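Pulled from Swiss-Prot, these are the features on record:
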BINDING   160, 195, 199, 206  Cu cation A1 binding site
BINDING   195, 197, 199, 203  Cu cation A2 binding site
BINDING   197  Mg(2+) binding site
TOPO_DOM  1-14  topological domain 'Mitochondrial intermembrane'
TOPO_DOM  46-58  topological domain 'Mitochondrial matrix'
TOPO_DOM  87-229  topological domain 'Mitochondrial intermembrane'
TRANSMEM  15-45  transmembrane segment
TRANSMEM  59-86  transmembrane segment
């Protein structure tokens, strides 16, 4: 959950998000080292006089060719690893289909019979005390903790985007096309997201709420919801 005046990431709740936070820190340290080197060279040029031997030296040309290549490799390797992990969907325990509409989400649990529902934002006038304005919904997405979840995402009208920052998930919902993503929640909790593609007048009013629970609670919830439907 984001906090007021927060500058960093939300607490990671999935392995992918943990990797993304680590890669951000890694890239930030590389950028800091580059900036420090450039500032040092600028200060050196202001203090000391440059000789023609220094400017024309082949060693300098060799260094500023090899050094950027090493920096790019240090950034590319972990980035490619994370991209591969984000695209890898191997034997999910649960498949969820999310369909974007103006301006709400529909969900289908494809592993269950008749387990579907629409998820609307709760208006401020009906919001219970202690709940978050513009983020709460009438039906949450409930998933079992520490289980691979595949999410198939599409839209029924215009472009949308299904995004939950603390899980490291953001996938476009495109009419007539099926996109997919996956995640594993590492702890129980309630994780908030929103549509991240401008989709009309009420774009700001279609939040996403994912609730991670132990498997026994998820089984009880799914049985109860299947009976009600």
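The backbone N, Cα and C atoms fix where each Cβ goes, glycine too.
If you take the Cα of residue 203 (Cu cation A2 binding site) and the Cα of residue 195 (Cu cation A1 binding site), they are about 7 angstrom apart, rounded to a whole number. The DSSP secondary structure for residue 195 (Cu cation A1 binding site) is strand. Annotated pair residue 206 (Cu cation A1 binding site) and residue 197 (Cu cation A2 binding site), C-alpha to C-alpha distance, rounded: 11 Å. When other Cβ atoms within 10 Å of the Cβ of residue 195 (Cu cation A1 binding site) are tallied across all protein chains shown, the result is 26.
As a whole-number mean, the pLDDT of the topological domain 'Mitochondrial matrix' (46-58) in this prediction is 67. Residue counts for the topological domain 'Mitochondrial intermembrane' (87-229) under DSSP, helix first, then strand, then coil, are 24 helix, 61 strand, 58 coil.
Long-range Cβ neighbours of residue 197 (Cu cation A2 binding site) (same chain, at least 6 residues apart, Cβ-Cβ under 8 Å): 159, 160, 161, 172, 173, 203.
Using the Cβ center of 195, 197, 199, 203 for Cu cation A2, the list of other same-chain residues with Cβ within 8 Å runs, in sequence order, 100, 103, 158, 159, 160, 161, 196, 198, 200, 206.
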